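Asker: Sending over a structure as C-alpha cells; questions will come in a sec.
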Amino acid sequence: MAMVEMQTTAALAESRRKMQARRRLKNRIALTLSMATMAFGLFWLIWILMSTITRGIDGMSLALFTEMTPPPNTEGGGLANALAGSGLLILWATVFGTPLGIMAGIYLAEYGRKSWLAEVIRFINDILLSAPSIVVGLFVYTIVVAQMEHFSGWAGVIALALLQVPIVIRTTENMLKLVPYSLREAAYALGTPKWKMISAITLKASVSGIMTGILLAIARIAGETAPLLFTALSNQFWSTDMMQPIANLPVTIFKFAMSPFAEWQQLAWAGVLIITLCVLLLNILARVVFAKNKHG
C-alpha cells in the first residue's frame with residue numbers, strides 16, 4: 001500500500017513538473033513575441049523620428065519663421081505665413097470648440113446621465129471620435145464652402161472644431177464622473193444650487209483632467225491636412241482674413257512635399273519637424289498636467 005502511494009506521489013510530482021515546464025515555455029514564447037512586436041513598432045517609430053529630425057534640421061533657420069513661402073524653384077524663403085495661419089485656425093477652433101465640448105460634457109455627466117438624449121449625444125460623439133478627418137472635411141465643404149462658393153479660414157475653423165469637440169466632451173464627462181458623489185451630496189445638504197455646485201466643486205476638482213483633454217484635442221488637430229484641403233485650402237501670401245483661403249502648415253507641407261522642387265521639399269521637412277515637436281510638447285504637457293492632478 002505504501003509502495004502504491006509513493007508511486008502515485010512520484011507520478012503527480014512528475015506531472016506537475018511537466019505542467020510547469022509547459023507553462024514556462026508558453027510564458028517565454030509569449031514574452032518573446034511581445035518583445036519582438038514592441039521592438040518592431042519602436043524601430044519604425046524611431047526611424048520615422050530620426051528621418052524627420054535629420055532631414056528637417058537642415059531647413060531650420062530664423063528665416064523659416066520670418067519669411068514667406070517662396071515661389072517654385074527659388075532658394076530661401078520660409079513658412080511664416082503658414083505658421084501664422086495654422087496658429088489662427090487652431091486658436092479659433094479651440095475658442096469655439098472647447099466651451100461647446102465642456103458644456104456638453106457637463107450635461108452628460110451632471111444633467112443627462114442616463115436619459116435618452118444623453119445616450120443619443122454619446123452615440124453621435126462616439127461616431128465623431130472614430131470618423132476619418134477627411135469625412136469631416138467633406139461635410140463642412142458641403143454645408144459651408146459649397147454654399148459660400150469659396151474656401152475660407154472660417155470653414156477650416158469649423159472642420160477643426162468638429163474634430164476637437166468630441167475629445168473635449170469625452171474627457172470632460174469622464175473627469176466629472178471621477179469626482180466623488182459625496183462632494184455633491186455635501187453641497188446639496190448645504191442648500192447649494194446645482195449650477196453653483198458644478199462650477200465651484202465638480203469643475204474645480206476636475207479642471208486639470210479637463211485641461212489635459214483640451215491639450216490632447218489641440219495636438220489632435222495641429223497636424224490635420226485632409227479637412228483643411230476641403231475648407232481653408234491655402235494661400236501663398238500673408239493673410240489673416242478668415243473669410244478667404246488662408247495659409248496653413250499642414251496643407252503647405254503637403255503641397256511642398258509633392259512638388260519636384262528641392263527647395264520646397266526642404267521646407268516641407270522643416271515644417272514636419274515643427275509639427276512633430278509641437279505635438280510632442282503638447283503631449284508631454286498633457287501628461288505633466290494629468291500627473292500633477294493625480295498625485296496632487
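Count begins at 1; order follows the chain as displayed.
Cβ atoms here come from the backbone N, Cα and C positions, even for glycine.
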Asker: Please indicate whether the topological domain of Thr66 in Swiss-Prot carries the same name as that of Ala189, placing both on the same side of the membrane.
Answerer: no
Asker: Report, as numbers and ranges, every residue of the chain located at least six residues beyond the topological domain 'Periplasmic' (224-266) whose Cβ falls under 8 Å of a Cβ in that stretch; write 'none' if there are none.
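Answerer: Here the qualifying positions are 58-59, 68-77, 79-86, 88-89, 92, 132-134, 136-138, 140-141, 144-145, 150-160, 163, 272, 274-275.
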Asker: Pairs of Cβ atoms less than 8 Å apart decide it: which stretch in 29-50, 127-146, 205-223, 267-286 has the most with the transmembrane segment (83-102)?
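Answerer: Ranked by Cβ pairs under 8 Å, first place goes to 205-223.
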Asker: By Cβ distance under 8 Å, which residues at least 6 away from the ends of the transmembrane segment (267-286) in the same chain are close to it?
Answerer: 49, 52-53, 55-60, 64, 69-70, 77-79, 82-83, 212, 215-216, 218-219, 222-223, 249-250, 252-253, 256-257
Asker: For the topological domain 'Cytoplasmic' (103-126), find every same-chain residue at least 6 residues outside the stretch whose CB is under 8 Å from a CB in it, and list them.
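Answerer: For the topological domain 'Cytoplasmic' (103-126), the nonlocal Cβ contacts are 165-166, 168-173, 175-177, 194, 198, 202-203, 210.
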Asker: Under 8 Å between C-beta atoms and at least six residues away from its ends: which parts of the chain pack against the topological domain 'Periplasmic' (147-150)?
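Answerer: For the topological domain 'Periplasmic' (147-150), the sequence-distant neighbours (Cβ-Cβ under 8 Å, at least 6 residues beyond its ends) are 244-245.
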Asker: When you scan the chain for residues with a C-beta under 8 Å from the topological domain 'Periplasmic' (51-82), skipping those not six or more beyond its ends, what do you find?
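Answerer: Cβ under 8 Å, 6 or more out: 234-239, 247-249, 252, 256, 259, 261, 263-264, 266-267, 269-274, 276.
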